[in-house]
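Student: Starting off with a structure, shown below.
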Amino acid sequence: MKRRIAEEVAETALEATPTWAVASVCFILILISYLIEHLLNLLAKNLKKQKKRSLIQSLEKIKTVLTLLGFITLLLTVGERPIAKICIPKSVGETFLPCSGVTLDESVEEPRCAKQGKVSLMSRSGVRELQFLVFLLAFFHSISSLFTFSLGMAKMRTWESWEAETRTVEYHISKDPNRFLLTHQTSFGKRHLSYWSESPIIRWPICFLRQFYESVSKVDYLTLRHGFIMAHFEVRSNFDFQKYIRRALENDFEVVVGISSWIWIFAMLFVIFNANSFRSYLWLPFIPVVMLLVVGTKLQGIITLMCLDSKDKSEVVRGALLVKPSDHFFWFGNPKLLLYLIHFILFQNSFQLAFITWTLYKFGFNSCFHHRTEDPIIKLVMGVLVNLLGGYVTLPLYALVTQMGTTMRKAAVFPETVIVGLESWRARAKKNLKSSSAMTSADNTLSTNTTPFSLTPSNSIGSNNPFSEHVAIANLMNDEHNGIGKQSPEYHKASSFPGFQVCNSSPVFQMESHY
């Protein structure tokens, strides 16, 4: 390592480099940058054609993250010399070292610090190595997020055949309300009601194992879909539940690809705990995969708990077993907490993959960062496993189970094209309503000055008024904007959308039933 540092110090300065070499390197970097920008613009245009507004926002979030990490790299480049001139005592510089038995090389220290008998806070070569780590973090975070999300969406496409089955005559016959069954005789009851479901000591290990085999079964999907429909829509509505949860997951993807402030705090803790004194190589690489398995176990347990809750309410099922959506099945009554945990897991896994790649590239397999040759292999396998397990198992399971909360995700009810049309419709209705109010006010003033009688509200905006249609539209959109997504007080209420009459004969529902 000392020889490598000495070679870096002895590198040729830019003033002794041919100008054609500098221009060639700059040209290649600019060409690569333009190529990446062109690919991102093509992706954005494709998403606009498909009317994927939530994914466009996620793409913008990725660009923001890349810009932020690029700005951090720029600050490290500019601050390379000032950071190296910050001097600290040698006793402090020898604490929390990532490798044991490594002595400081005074030849690479700043002369200013060496004269004071101190060491630099970070050497100039260390700052340059840190820039490479930040670049790898940006690369792995973007690639891992896109890979995990694409794998989850591919798994959810297999549910389209289950959703199509709900429109068949056989499915509606199986939900015949004139048929009575005991709870444990239903398909959902047979899967979740057994000797192990009543005992938490046995139930949670079973739920842990289930996420590796049929994490989302057909009977689970159809039962949760039925409970969701009964809680928010008409009994025999044609609501496409599969497309709804797919749109909900697209909205959540914007959170996953971002980097929040609290995520950065944990990233700094990850760097601190990489010190040799913490023996982090024994436990730190396994944190993301353990947390992911805990989240998957919790999601499987929620399905079983909903089945037990339905059994406690009634031993006899009329038609089909009905599960009631509720927030109390989730940790702290907050379904969105699971999304933040998945976000944290994926980022920490990306940080770990970037860190391993950085150490392998800069220091090799036999460096002090890896106590054994198989350590980096185990870490890389754990990182890839988290991406595969998160995308194919945990993410689809999360997308399905979190819809069983008390409230509905209003942003995912309608497709992007319908949302844009409704927002435009609402804006035009409000604009025409203001024009109508201004004209009515002028008519009232004129009538007051000419006759002792004034116009009544029924005359100003009524069934014969050309602006009454816009008034009704504005009221409907206001109701939808303020009340959508709130579950009705009564579980079997026809609709949970104030202002919308969700039934087979409703024009609004007819429009939604095709998506």
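Using N, Cα and C of the backbone, Cβ positions are placed for all residues, glycine too.
Those TrEMBL annotations? Automatic predictions, nothing curated.
In case it's useful when we look at the structure, here is the feature table from TrEMBL:
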REGION    440-461  region 'Disordered'
TRANSMEM  20-44  transmembrane segment
TRANSMEM  65-84  transmembrane segment
TRANSMEM  130-151  transmembrane segment
TRANSMEM  253-275  transmembrane segment
TRANSMEM  281-308  transmembrane segment
TRANSMEM  337-360  transmembrane segment
TRANSMEM  380-401  transmembrane segment
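Just tell me what is around each of these and how deep it sits.
Tutor: Long-range neighbours of the transmembrane segment (20-44) within the same chain, counting only residues 6 or more positions beyond its ends whose Cβ lies under 8 Å from a Cβ of the stretch, are 14, 56, 59, 63.
Sequence-distant contacts of the transmembrane segment (337-360), counting only residues of its own chain at least 6 positions beyond either end whose CB sits under 8 Å from a CB of the stretch, comprise 129, 132-133, 136-137, 139-141, 144-145, 148, 252, 255-256, 258-260, 263, 266-267, 270, 274, 284-285, 287-288, 291-292, 295, 298-299, 330-331, 367, 369-370, 376, 379-380, 382-383, 386-387, 390, 394-395, 398, 402.
Beyond the transmembrane segment (380-401), the same-chain residues lying 6 or more positions past its ends with a Cβ under 8 Å from any Cβ of the stretch are 144, 147-152, 155-156, 211-212, 215-216, 220-221, 224, 245-246, 248-249, 252, 285-286, 288-289, 292-293, 295-296, 299-300, 302-303, 338-339, 342, 345-346, 349, 352-353, 356.
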Student: Please identify the stretch among 65-84, 253-275, 281-308 with the greatest number of Cβ pairs below 8 Å relative to the transmembrane segment (130-151).
Tutor: 65-84
